[in-house]
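**Student:** This is the structure I have questions about; it appears just below.
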Amino acid sequence: MHGNMSGPLVIEGTFNLDRMIGPRGDGQRSGKPSICFGPPNVLKKPRALRVPTSLTQSSNDECADPYFLLLTSAVWVGISLACIDVAKKHVTRKAHADMGMRVCDYPTIQDYFGETMCDTNSVRGLMYMVADALDRATNNNDWSQHKDLKFMPRVDFLQWLWQLKFSAAKMVGNVADKMLHTCGGTGYKTDLGIERLLRDSKAGWVMGPSNEVLRQFVGKTVLENIYVVDYWEQRPNHRAVHHEIKKMSHAEKKKLAKELMEEVEREDAGIELKHPFQDTDFENPFNTCPPAVNDKVIKTSDGKSHSPGLTPDTWRPLTLKSNMPVSDKMASFVFALPSDTDHTGCLPGQYVAAKSVIDGKEHLRYFSPVSPPDEFGVIELVLRFENQGIMSQHFKALKPGDKVEFQGPCGGFEYLPNQLQEMTLLASGGGITPGMQLIRSILKDPTDKTKIKLLYYSENYSEILYREELDKYRSEWYVLCLV
């Protein structure tokens, strides 16, 4: 299984059917687990509380969730122990000569270590207890028992696993904070390693299901019962519905009633309700609808007509006109559109897709042009060269005359003139490319009065891309402010 931020996740593997848990299609169904609230030393599932197999979701509730919650909790315990170990080495070796004491001799430091070890081992004990209960319920993970499609013992331990994950994620964050305190300023040094462990520890709280969600699940089951947990969002909360309706005016209630009756009539007639773009195929990785397209033919004062050179549903080979370095690790690539009168077909802020076949495999990447969409005949991209980047190394080897396939727009910010009174752009390094396109487009249009603030971070002053151009804009245009 492999992938990256700008491409699809690819899973290459074949599994025999005897590895499948539950019936075919079970992953598409949802249900509710049954949980035992007995004392911790008898983590069992009473037959009276079992949920019918048809209501369970074996792929998630029996396989994915129990292992994810248990094993990630083990990770948080491991990170906690690592924090304690790293901090222990530091405080036992560092001494204050003027006091004649090691750091570990101070009562406050001893208190920190005592608290963190107690918290860690409390979670560790719960983890071992739940793991042992799962082993006993499954005959030490005997997967052959799943030939019986009704055999789903792990489902009944989800409530305990929720508590385990919540406790482990909360504990590791507190332990990492405490251990960083014991190391003082040295704790922030990369060589010590505890700062990295601290960052890793913070992932536990937000990793799904987040701790906010889990404690609500557990709270609901404590106050009422396991059946009130609707983590597949299938049952309406009638109390909340009535509460919200009371806030509505008479006209709003009539409008809602009309919409609901129309929906009921469509359902009675067997008309399937669909999202407007459901079952449609489009490239827009960060949105749920096709991107806006500037498919208009633009006529300029010289009488020429300018058609869109790219479309979002067709790959078109573009020829590289020129390339030149813009920094030590980045270069600009100018490609010719199909006609020297074409505009890109994009709105300012949108990005395009580039595709190349490398070693027999297609590779797809998304790029934000730096050239304005109406810079006729060309499209300019800026690319950072990564040592292990397949596509970036391919671009690095391109020579004028070589071709790369493009299509677009594929998404992004769809800017229209005077859409905003003021726009603040945040950029770092090569991330200036979409911002640069917006700046150029706005300043090129005398009717666009949008004010721009650019906050641009770079490790070195010399690596600020288009520095001279930006300085020129700042001196000539009052609408651009650079920070």
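Yeah, the Cβs are placed from backbone N, Cα and C, and that goes for glycine too.
Keep in mind that this is a model prediction, so the values were computed, not measured.
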**Student:** Of the residues ARG365, ARG467, only one is listed by TrEMBL in the FAD site with VAL382, MET391, SER392, THR433. Which is it?
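**Tutor:** Site partner of VAL382, MET391, SER392, THR433 for FAD, according to TrEMBL: ARG365.
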**Student:** Fewest other C-beta atoms within 10 angstroms of its own C-beta: which of the binding-site residues SER392, THR433 fits that?
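**Tutor:** Lowest Cβ count within 10 Å among the binding-site residues (SER392, THR433) is SER392.
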**Student:** Using the centroid of the Cβ atoms of ARG365, VAL382, MET391, SER392, THR433 as reference, list every other same-chain residue with Cβ within 8 Å of it (recorded FAD site), in sequence order.
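**Tutor:** Checked against the 8 Å cutoff, the neighbours are ALA354, PHE367, LEU381, LEU383, ARG384, PHE395, GLY430.
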**Student:** Please give me the CB contact count at 10 A for VAL382 (FAD binding site), counting all chains in the structure.
**Tutor:** 21
**Student:** Mean pLDDT, the domain 'FAD-binding FR-type' (313-416)?
**Tutor:** 92
